[in-house]
Ligand SMILES: Nc1nc2c(ncn2[C@@H]2O[C@H](COP(=O)(O)OP(=O)(O)OP(=O)(O)O)[C@@H](O)[C@H]2O)c(=O)[nH]1
Ligand SMILES: [Mg+2]
């Protein structure tokens, strides 16, 4: 957790409010952080802390006085009478009962309310004010309120509430200085005790306290908020359409299809630029390494010299502690350089390292474009309408409505999705959600989808995006089908419905979309530079050694390269499992990719890049991954990547469980390996059978 090295003596200030009022956005703006925000409720499920400076001009001394406070972002809650675990996290912190670091009453509470919906979001403020904690009300989203013609008299509001009221806009960074000042005043050491000039918010109600609170909030809002007639945009008709069973579903499909179309029409240019870049890097390395026979002879002493100097630098680096990791990498590299003959080293650098990394990184543009648009959609409020449409279908198959947010996160990666399933109250609902989440398309599958789309439908962005949408849909249908089967067999029961308040439409923030995209890209590149790089080097070694005996001769270089590949460990291994995957249309080189991709799915593309790259004739014009794959032929002369094989490979990757970290998290969240093993067997068998059906039926129809 960021900033957890917090001293207990600093004042603790809580950010409290209804879900989706912009608490996390305000937290990010005040603390300079980038925690996840989105325009639907239930994004924050745990508390998050940061130390921030608050300051004010001291009235007596007339100097700027500063102090440090601990700001805590909480999950949203509607009332102190909580309904779900994440609301309970927030309520306990307010009551000062939270075990661990927050085990005392907060020094101040900032209640965040939504300027576009004051009456509803003030209800909680009333409840907090009745607790007599030092409170500030921050009216957020004033930018949105202004543009919809809502006028708020903040002085009057402050008088009615009996506490400071600060208008802010987390998005536009307005009012942050005033808020900091107000926090400073409330938390400064010698703070005078403020008399409470306010009637308790539920005074005089003999009946239902909830009704009284709503009435009170309506009264306060009614007297201090004015709506300019005709200015606010009423979009109820749109919501009726977007959440209806028919049009809503069609719209959701259309929106997703358009995003996929954008991916394929925009990514072409950056993708070929990256491909060219790696091609250029390969040529540079090739030219840098000496190639004359004499140089080959003296390579060993040169390599030893390079190796020793790298080692010396590594040793020196090791003295400073933080570079130990890099020093070990350098030592390892120096050993490899020193021990390889020149030609092998050339192949390792060009085919193994550059080829392996290039195979994955070329798909970066697609991933960036996807996340950019999805974040914009989330922020606009549209995704919450999508949730509404999906919720009805989900409940029918036994998935709880609350599974929607985990399902949305699982489209980046199953692991945060499984963790987000913690918000689901009942064990049955949580288990079903956890078991089906890995079937949804995570970003590790994207390179495989894009590769197949480029192979089969390289010239038609429309067909490519349809295929893409089909793959997403297949994952979703498989998840629904599995949930339904589970409901009928292993974990029977009815799922709980979701009470979801539709958030207002908001102008999406490009800044937020940009940062989310950069974050996803960084995760992806870090993977390419570490895991994928390591696997690529190991795979290169397995596909290169043992070498063909010298005495064997071949009629062409291409034949020799093929024979060498078949003779290697990877080749033998691939040929051994060939009979298992042959009915799915895979040749033994794809099988090597299937085996390595159980480490991480995207390793398939780097593996294919290396294995097919090594089998190429060195004299032939080098090509990018997709072009290389497209020209591969089987021994009988037919294309390896026919429509049947391509789609069978795609289906296998949509459905197979090929992610060890996810399994570990499933084990942790369900408390036993039983469910992780169940998930693995179930998904792998499903993937095999589905790919088998796809290949055999397409082959029968003449597409093999
Ligand atoms: N226009 C505008 N939008 C804002 C502002 N503050 C937040 N938002 C948007 O409101 C949405 C919700 O923001 P969050 O910060 O995730 O809200 P939250 O209160 O933390 O939500 P939960 O964690 O789900 O309770 C996001 O789409 C934000 O971009 C603002 O000042 N102006
Ligand atoms: Mg939040």
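Think of each number as a place in line: the chain as shown, counted from 1.
Positions of Cβ are set from backbone N, Cα and C atoms, glycine also.
The domain 'FeoB-type G' annotation in TrEMBL covers 10-189. The transmembrane segment feature in TrEMBL is assigned to 247-267, 298-318, 325-342, 354-377, 397-419, 431-457, 464-486, 523-543, 639-657, 677-695.
For the transmembrane segment (247-267), the residues of the chain that approach it from at least six positions outside its boundaries are 241, 365-366, 369-370, 373-374, 377, 382, 385-386, 388-390, 450, 453, 461-462, 464-466, 468-469, 472, judged by C-beta separation under 8 angstroms. With a threshold of 8 Å between CB atoms, the same-chain residues lying at least 6 positions outside the transmembrane segment (639-657) that come near it are 438-439, 441, 445, 448-449, 452, 455-456, 467, 471, 474-475, 478, 584-587, 589-590, 594, 597, 601, 604, 629-630, 632-633, 663, 679-680, 682-684, 686-688, 690-692, 694-695, 698-699, 703-704. Within the same chain, residues 40, 42-43, 84, 371, 374, 378, 383, 387, 390-391, 425-426, 429, 432-434, 436-438, 440-444, 479-481, 483-484, 486-487, 493-500, 520, 659, 661-662, 665-666, 669 sit at least 6 positions outside the transmembrane segment (397-419) and bring their C-beta atoms closer than 8 Å to a C-beta of that stretch. On the 0 to 100 pLDDT scale, the model's mean across the domain 'FeoB-type G' (10-189) is 87.
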